[in-house]
Amino acid sequence: MTRLRDQGPTLLVATLAAAFGAALLQVTGILAVVIEDSGAAESGTVRLLLGLVAGVFIVIAVYVSAVVTANTVATVVAGRTRLIALYRLIGSSARAQRTTIAKEGLLVGIAGAILGGVLGSAVAWAAGEIGVLQGSLPRFEHSLLDPAVLLPMAAVVVTTWLAAWAGSRHVLAVRPSQALGNSAEADLETVSRRTGRAVAAWILGIVGFALLALGVVVGLFRPEGVLIGLLGGILSFTAIVLAAHRVMPPVLRAVGRAFGDGPVARLAAENAVRHPERSARMTIGLVIGVTLVTTFAVTMESYRTMVLAATADRAELQDALGPVIDATVAVFSILIGFSAVIAAVGLVNTLSISILQRTRELGLLRALGFDRRQVRAMVVLEAAALAIAATLTGLVLGVAYGWVGAQSILGSVGGGPGIVAPTIPWPIIAIVVGAAILLTLVASVAPMRRAARVSPVVALAVQ
Amino acid sequence: MIALRGIPSVEGMQITPTDLGLIARVVSLGKQYGTGAGAVTALEDVSIGLRRGEFTAIMGPSGSGKSTLMHIMAGLDSPTSGRVWVGDTDVTELSDSALTLLRRRRVGFVFQSFNLVPTLDVRGNIMLPFELDGRRPATEEQAWIDGLVDSLGLASRIRHRPHELSGGQQQRVAIARALATRPDLVFADEPTGNLDSRTGREVLALLAEASSRYGQSIAMVTHDPVAASHADRILYLADGRIVRDSGRSTPEEISTYMLAMEQAA
Ligand SMILES: Nc1ncnc2c1ncn2[C@@H]1O[C@H](COP(=O)(O)OP(=O)(O)OP(=O)(O)O)[C@@H](O)[C@H]1O
Ligand SMILES: [Mg+2]
């Protein structure tokens, strides 16, 4: 049967998502208890609100982790076309193979959920204890055995399972004949044509962008425009995700061209775009992460600028509001940044897997006269192309969405229709770019070492 | 000419392989994989010289050490004992980067399959050795390459990617790339192993022509007596040793000898 063998990456992603969910809910629980103890009048409402906010961020994190898992599984499957074809050739059914993969996904999901649940609860507990010790929190009674924590855990199990199922759909497209022949590379991606997906992407895109525009217009008169904009944002972004295999390659190509045209740079750039499907898979998680962070940051920043401008003549109000807004921005940024971290883990995984799958090709390059340094440089440049392209795309989308958000919320504020210039939160952009550079380095270390170690002989042994 | 161990060496004066008209030479070569009980001796005390401008075939049963010998001669793998020269360069003493340069400039390869870089088109694959060297081919080199591309029937395919080519076409691209830099020596490990017999013959004829017309030195591993009959010289390996060294032979002679060898085993 087709096994995923190396389940480490998927387990890590599932664990991170579950830990995030558990920690967030535990912290929410602790805060709710603390607030109740303080005897605030509206503690019920606060609790509900906190739960709602936590829920939104957990959903985002679980969603990103599902995208990442599906893409990791798909990358593994694509690299195993020949093996799968061989099994098909000797009589195994495609469905049986896919079921095995999905079952593994389920097991990994369960393991990740339990690990993450325990880990997240432990982190929340430690944070609470530290808070009490430092005196920033009063003593409180709160049991960590909160049944609510089971919710994100269950969500992780289900989504990992479904993601493995979705990611393994290519198994069905493998033809037994692909085990034969000596074609340089069995090309799985071109086999499956999906007009359905293209149509869906177009419809969602058109409707989504129309709603975005409508949101902006309505927002000129009423702040409720943001709700229309939100719907438009979700739809249009889904369209972009669906069409990622068309959207990402041009960006990757442009980034690759910036690397110059030595043989190493050219091969790295080509590797990054050789399969539109694969490059889309590798980058889309990170695009989602960066877009979320940026959208959020731009909206918040514009909001802050607006509030500060509106209260310019009331210094005491500004002094009171400023820190609250700052703290909110910081907390929300960290919460949403976690999803970007999960997405980054996804990029690291898929890059490692794809280098591993190219052992033979690397051996060939070594035989033809690539030295170790050149092989290493190729891997780093490939990682850089992917990370830069994803980050740029995410930043552009994020600024655009962020502006729509700010415009539709604030367009009607101050008495009449007005245009809100998007405020770009440079510190956060700098953090995102810095993180992308760091990610490139981290993502390329292990594959780089492995690639440089490939001996020409081992790689060229006919399997 | 083969028993190089008997070469007289005058005091204070090394006889270089070039002096002997050799393009590559191995002396007392041994290769072991693994250690202890599980050790496999792939080559044992092999000494041969490949002559400049000749097309040499290496034959022998499966597992006799043909690929191992070729990999070591090409600097792709290191021997357990003995020495290897390509031209006058002692390959066994070279560092990894010197070996890389040797592969880039002085030897060419044609493997059984997976010869081409999937992301590069035909032109890109053929030019890769030059690109790696960071130089453009000189005018005459370019003329040579264009001639190769034409005579290999690849002119209309120059912009195609490997996966758009048939197996035979892919092998022809590999041959064009191997010959492009006019290396000292081209190594081919079962270059026709994945081709049907007609396409295989065509590929062989190309190699034979490169040798006869342009004096290209070629070493080719093969299982096919017909393929070997194109060669000027045939070396037979069995259990990691050279057991026979013969001149040009007919396919019948080769088959007869191979059969006898298998029966003796
Ligand atoms: N990496 C390795 N590790 C262990 N043993 C090896 C390794 N490579 C080759 N061998 C062994 O060395 C011997 C010679 O192998 P080699 O590949 O040179 O044979 P060959 O003559 O090319 O065979 P074939 O015609 O089947 O390609 C075989 O017994 C083989 O099992
Ligand atoms: Mg062999």
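Glycine too: its Cβ is placed from the backbone N, Cα and C atoms.
Sequence-distant contacts of the transmembrane segment (A:48-78) (same chain, at least 6 residues past either end, Cβ-Cβ under 8 Å): 2, 4-6, 9-10, 13-14, 16-17, 20-21, 24-25, 27-28, 31-32, 84, 101, 105, 148, 152, 155-156, 159-160, 162-164, 166-171, 188-189, 241, 275, 277-278, 281-282, 284-285, 288-289, 292, 335-336, 338-340, 342-343, 345-346, 349-350, 353-354. TrEMBL lists A:48-78 (among others) with the feature transmembrane segment.
For the domain 'ABC3 transporter permease C-terminal' (A:56-172), DSSP puts the residue distribution at 100 helix, 0 strand, 17 coil. Positions annotated as domain 'ABC3 transporter permease C-terminal' by TrEMBL: A:56-172 (among others).
Look at TrEMBL and you will find A:105-128 (among others) tagged as transmembrane segment.
The transmembrane segment annotation in TrEMBL covers A:148-167 (among others).
According to TrEMBL, the feature transmembrane segment maps to A:199-220 (among others).
Summarising the annotation, TrEMBL assigns transmembrane segment to A:226-244 (among others).
Sequence-distant contacts of the transmembrane segment (A:282-300), counting only residues of its own chain at least 6 positions beyond either end whose CB sits under 8 Å from a CB of the stretch, comprise 60, 64, 67-68, 71, 75, 233, 237, 240-241, 244, 248, 252, 325, 328-329, 332-333, 336-337, 339-344, 346-347, 350-351, 354, 386-387, 389-391, 393-395, 397-399, 401-403, 405-406, 409, 422-425, 428-429, 432, 436, 439. Under the heading transmembrane segment, TrEMBL lists A:282-300 (among others).
Here the transmembrane segment (A:329-356) has Cβ contacts under 8 Å with residues 6, 9, 12-13, 16-17, 20, 24, 57, 60-61, 63-65, 67-69, 71-72, 75-76, 79, 278, 281-283, 285-286, 288-290, 292-293, 296-297, 300-301, 304, 362, 379, 382-383, 386-387, 390, 428, 432, 435, 439, 442-444, 446-447, 450-451 of the same chain, all six or more residues outside its ends. Annotation comment: TrEMBL describes A:329-356 (among others) as transmembrane segment.
According to TrEMBL, the feature domain 'ABC3 transporter permease C-terminal' maps to A:334-456 (among others).
What TrEMBL records for A:377-404 (among others) is transmembrane segment.
If one looks beyond the transmembrane segment (A:424-446) by at least 6 residues along the same chain, the residues whose Cβ comes under 8 Å of a Cβ in the stretch are 286, 290, 293-294, 297-298, 300-301, 333, 340, 344, 347-348, 351-352, 379-380, 382-384, 386-388, 390-391, 394-395, 399. If you look up TrEMBL, you'll see A:424-446 (among others) marked as transmembrane segment.
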* **Helix, strand and coil residues within the domain 'ABC3 transporter permease C-terminal' (A:334-456) as assigned by DSSP** => 101 helix, 0 strand, 22 coil
* **Intrachain neighbours beyond the transmembrane segment (A:199-220), with Cβ under 8 angstroms and 6 or more residues off its ends** => 226-240, 242-243, 404, 407-412, 417-418
